[in-house]
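The next block holds one structure in the form of structure tokens; read it before the comments.
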Amino acid sequence: MYGIEYTTALTFLISFLLLRYMLKSVVKMMDFIVYKFLLVILILSPYIKAQNYGINLPITGSMDTAYANSTQSETFLTSTLCLYYPTEAATEISDNSWKDTLSQLFLMKGWPTGSVYFKEYANIAAFSIDPQLYCDYNVVLMKYDASLQMDMSELADLILNEWLCNPMDITLYYYQQTDETNKWISMGSSCTIKVCPLNTQTLGIGCLTTNANTFEEIATAEKLAITDVVDGVNHKLDVTTATCTIRNCKKLGPRENVAIIQVGGSDVIDITADPTTTPQTERMMRVNWKKWWQVFYTVVDYVNQIISAMSKRSRSLNSAAFYYRV
């Protein structure tokens, strides 16, 4: 009896040791296969390029770009402020140290030296082609010009709001705007936009799809054009593509780290395309026009009240994304 029990125990022990050995062998083999597979992927990954394809893609190309906060290397700074002004301001002031003077005045308002950046632009037309806003807070000074009301209004609409944009191939496709937030934005040295609305049979309504001269012209030789057409209707477009880039864009909402100060003019420019809404926005302000020194003094005096109507963010508007991002 005892011999049978010893034999059973010995058989069980041998089976256990054999199973343990087999499991260890399997684990070692799997480790070898996995590590070898990862090594092959690591070696081949620099030489492999993949592309995702989709159908009916939504509007996804952003005009915003993430950027490293310019104050990160300076621990004593908490925020940056960019003040954009036209060239004529510097020309009128004609003082090589005027920026240093303003920096000292901003310091007295709580903005440390080095946290305020002065950005010059040639004129509204030039700024419309390539607006770039990089600071935590951005304040744009625009001198009122009756002949440039439309340019000022569209520039304000562009920089005071966030947009998602996709390229448009107007030679192959018809396009329609889905709702009031959907616009076509054109930028370039000269943008002339013509449209031909289509019926359900894709025949032109009041125009011939084969003759661009019969299209309705809705923008002529503009630097920046935000086009709004009848929603839900297909349109054939004719655009001066040699000097202009057009994108299908959707307005997401306010870009709250940007404010515009209109210098002069009787009323603040209306930037709202929808006639049923109140045009005024807290970040669209106006100061009286006297001299540029007076304008800058006013900005310094009210800078903290202006900032209180804004929200800090670490994203920037870079119009280069408008031209190149898909």
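Cβ coordinates are placed from backbone N, Cα and C, and glycine is handled just like the others.
As annotated by Swiss-Prot, Ca(2+) 1 binding site applies to D95, G206, T214, E216, with the evidence given as sequence analysis. The feature Ca(2+) 2 binding site is assigned by Swiss-Prot to Q177, D228, V229, D231, D301, with sequence analysis given as support. Residues annotated as disulfide bond in Swiss-Prot: C82-C135, C165-C249, C191-C244, C196-C207. Annotation source Swiss-Prot lists N-linked glycosylation site at N69. The signal peptide annotation in Swiss-Prot covers 1-50.
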Legend entry - In three-state DSSP terms, the structure that D301 (Ca(2+) 2 binding site) belongs to: helix
Inset, instruction - Please tell me which one of the recorded positions listed here (C196, G206, C207) sits closest to C135 (disulfide bond), measuring Cα to Cα? - result: C196
Inset, instruction - Give me the Cα-Cα distance between C82 (disulfide bond) and V229 (Ca(2+) 2 binding site), rounded to a whole Å. - result: 35
Inset, instruction - Sort the binding-site residues Q177, G206, D301 by C-alpha distance from C244 (disulfide bond) and give me just the closest. - result: Q177
Inset, instruction - Would you pick out, from the binding-site residues Q177, T214, the residue whose Cβ has the largest number of other Cβ atoms within 10 Å? - result: Q177
Inset, instruction - With H, G and I counted as helix, E and B as strand and the rest as coil, say where DSSP puts T214 (Ca(2+) 1 binding site). - result: helix
Legend entry - Closest of C196, D228, V229 to C249 (disulfide bond), Cα positions, recorded positions only: D228
Legend entry - Spatial separation of Q177 (Ca(2+) 2 binding site) from C165 (disulfide bond) - C-alpha basis, Å: 13
Legend entry - Among E216, D231 [binding-site residues], residue with fewest other Cβ within 10 Å: D231
Inset, instruction - Would you mind reading off the Cα separation of D228 (Ca(2+) 2 binding site) from C196 (disulfide bond), to the nearest angstrom? - result: 13
Inset, instruction - Whole-number Å only: compute the distance from the Cα of E216 (Ca(2+) 1 binding site) to the Cα of C196 (disulfide bond). - result: 6
Inset, instruction - Filter the recorded positions Q177, C191, C196, C207, V229, D301 down to the ones within 10 angstroms of T214 (Ca(2+) 1 binding site), Cα to Cα, kept in sequence order. - result: C196, C207
Inset, instruction - Give the helix, strand or coil assignment DSSP yields for G206 (Ca(2+) 1 binding site). - result: coil
Legend entry - By Cα-Cα distance, the member of binding-site residues D95, G206, D301 nearest C196 (disulfide bond): G206
Inset, instruction - For C82 (disulfide bond), just count the other CB atoms lying within 10 A of its CB, please. - result: 21
